[in-house]
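Q: So TrEMBL has the following annotated:
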type: TRANSMEM; residues: 12-35; note: transmembrane segment
type: TRANSMEM; residues: 55-73; note: transmembrane segment
type: TRANSMEM; residues: 94-119; note: transmembrane segment
type: TRANSMEM; residues: 167-185; note: transmembrane segment
Amino acid sequence: QVDVAAMVRLFGYVDVTDTGFIVAALSIAFNPLFWNVVARWEHKTRALSQVFGSPHAACYCLGAVILVLNCVRSHCFTEAMKSQPKLEGWDCHWTYYSGLAISAVGTLFVISSFLALGFTGTFLGDYFGILMEEKVTSFPFSVLDNPMYWGSTAIYLGWSLMHASPAGLLLTAVVAISYTIAVLYEG
């Protein structure tokens, strides 16, 4: 049984009508939508490969755009947290170091996923016809499915805890929901 009253109190600290919060939520939802739509469009039309002269060049360009969009998303996330009140009871060493540990685990999953997949494996190369020799089953894929997505979610969760930010926690939930939808769409 979930204590809904605690959640209501926690999110009473969040102004979801704040422009910065709305922009952050939209950028979070936009990113996986963008890369999935563009990748499927490329798979059907090969238009990007034709424009850039090769599937590899097109994949690298899309990957660069995704990285820029991820920087924008992280900036919007951080600005939204800074513009909202902190949860004073969480503004302590214990919460900070817990958040730091969660972010470190998330970073481990993200970096190890990238190293296992490479650039084109990470940035939708299969939609460009760039296929890997075999399915990657080594760490972190041996521990969980979609470690890049859940590692990224953990980074945002840790960042939110480090800043004692209820707005950050709510935005982290938006990240998790967006990635859950992306996984369903990609699967």
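In case you wondered, yes, glycine gets a Cβ from its N, Cα and C as well.
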Q: Name the range, of those listed as 12-35, 55-73, 94-119, that has the largest tally of Cβ pairs under 8 Å with the transmembrane segment (167-185).
A: 12-35
Q: List, by number or range, the same-chain residues at least 6 past the transmembrane segment (94-119) whose CB is under 8 A from its CB atoms?
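A: Counting only partners 6 or more residues beyond its ends, the transmembrane segment (94-119) has Cβ contacts under 8 Å with 59-60, 63, 125, 132, 136, 138-141, 144, 147-148, 150-164.
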